[in-house]
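> Right, I'll just put the structure down here and ask away after.
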Amino acid sequence: MEIPYIKMHGLGNSYIYLDLFQFEIEEDQLATLAQEVSNVNTGIGSDGLILIHPSEVAEVGMRIFNKDGSEGMSCGNGLRCTAKYAYEYGIVDRPNFKIETKAGIVEAEILVEEGKVNDITVNMGSPILNRSAIPMLGDDDKHVINERFAIGDRDLHVTAVSMGNPHAVYFVDDIEQAPLYDLGPIIEKDERFPEGVNVEFIEVLSENELNFRVWERGSGVTQACGTGACAAAVASILNNNARKNETITVHLLGGDLQIKWDENDQVWMTGGADIIATGVYQFHI
Ligand SMILES: N[C@H](CCC[C@H](N)C(=O)O)C(=O)O
């Protein structure tokens, strides 16, 4: 089965995108397709699959599937790429529009300079902080801020933030020493996170600057994670290492994102998005 695709990335966090304004695909084929196309040896190579689809509640809809075929609720880098594609390929006819995700509707703004899409700003909505809504197991339903989190023989402290998808944020003194590969996969599936969790390690450089690494639920280490960068900025503010209404530059492996949590409890993300290639995938189902 031949499937037309677009490969796009946000700061190196790449996905294979299907434009479902052009064709349809069976729901029960999506998990397998995500696993297939993500494989760098036998597929196209990406961090997962994203569907750009018609929506009844917004100009365009977006769904994300991780490398392992699991469906995520939202994707910051994916939203910027979806917005760029929708604007440049005529799905929308203006630079401000809404995008429906499983986590809710977000608002995107295309920043155009000399007719070219430069950056994209997305209002990612309000962070979700109550333990039960992350979700994270525990004795109360308060916010999880710098809570002791023992794992193996390590004594960590976690701040838990959901941006519609769950994030466990840990502060480290040196990002290069972050236990990304040895603790990332363990925390991702820790029983205290009943739906799994995206794992972020951050090094506070100043009130307005963070170093950031991520082990993603369902995809492992990626070059960048937009929802993770939002969660990291919120966690830094919750721990009094940064302030609301100030733009925080988050340095990810693949580049920088500008994040602001404003006085109306909205988290704004600004960054780039790039089209890598278009093609036709030979789906083996
Ligand atoms: N890379 C995405 C996040 C994917 C989240 C997914 N790993 C999950 O929540 O299961 C981003 O830019 O926000």
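The backbone N, Cα and C atoms fix where each Cβ goes, and this holds for glycine too.
TrEMBL does not curate its annotations; it predicts them automatically.
Note that the structure is a prediction, hence the values are computed from the model and not measured.
Got these off TrEMBL a minute ago, pasting:
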BINDING   Asn13, Asn66, Gly76, Asn77, Asn165, Asn198, Glu216, Arg217, Gly226, Thr227  substrate binding site
ACT_SITE  Cys75  active site
ACT_SITE  Cys75  active site, proton donor
ACT_SITE  Cys225  active site, proton acceptor
> Excluding Asn13, Asn66, Gly76, Asn77, Asn165, Asn198, Glu216, Arg217, Gly226, Thr227, please set out which residues of the same chain place their CB within 8 Å of the center of the CB atoms of the substrate site, keeping sequence order.
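Checked against the 8 Å cutoff, the neighbours are Ile64, Gly72, Ser74, Cys75, Gly78, Val214, Ser219, Thr222, Cys225, Gly228.
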> Relative to the Cα of Cys225 (active site, proton acceptor), which of the recorded positions Asn13, Cys75, Asn165, Glu216 have a Cα no more than 10 Å away?
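Near Cys225 (active site, proton acceptor), where near means Cα within 10 Å, the recorded positions are Asn13, Cys75, Glu216.
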> Measure the Cβ-based neighbour count of Gly76 (substrate binding site), defined as the other Cβ atoms within 10 Å of its Cβ.
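So the Cβ neighbour count for Gly76 (substrate binding site) comes to 29.
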> Can you give me the same-chain residues 6 or more apart in sequence from Asn13 (substrate binding site) with a CB-CB distance under 8 Å?
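Residues satisfying the criterion: Asp47, Asn77, Gly78, Thr222, Gln223, Ala224, Cys225, Gly226, Gly254.
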> Below 8 Å Cβ to Cβ and six or more residues apart, same chain only. Which residues does that give for Asn165 (substrate binding site)?
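When sequence neighbours closer than 6 are ignored, Asn165 (substrate binding site) has Gly72, Met73, Ser74, Cys75, Ala103, Asn198, Arg217, Thr227 within Cβ distance under 8 Å.
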> Any same-chain residues 6+ apart from Glu216 (substrate binding site) with CB under 8 Å of its CB? Would you list them in sequence order, or say none?
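Counting only residues 6 or more apart in sequence, the Cβ neighbours of Glu216 (substrate binding site) under 8 Å are Asp47, Asn66, Glu188, Asn198, Val199, Thr222, Cys225, Gly228.
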